[in-house]
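Data block below; observations after.
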């Protein structure tokens, strides 16, 4: 319980997009991104290096690559708009950069949902020393 309280307090200090990303993951994948993907494999969480360990970790790798292509705004703080139409997330708004960030998050949330069967607890808190292989290009 104390851990959940700490996570809630930390989440309140996070701005814009990372909160939206968490909400999008919860809506699409029906699980908490913060609890499930903040420290998973070599790419889920802050930074990322080495090779993705499984399909779930690859979702984070692709998400990192997608954020890396965003140039006109900060993907970690840019707030975007989206709606749900016929059960699908649709990114909206007039700002192309924010829409691009939304698309990165939307695709990642769908990837997490589609790869729930690959999720393996052995990759939670995965040691960075196991992520030393040469990374593949985005």
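Glycine is treated like the rest: Cβ placed from N, Cα and C.
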Listed in Swiss-Prot for the Ca(2+) site shared with 43, 45, 47, one of 64, 72: 64
Count of other CB atoms lying within 10 Å of the CB belonging to residue 63 (active site): 23
All-chain count of other Cβ atoms within 10 Å of residue 104 (disulfide bond): 24
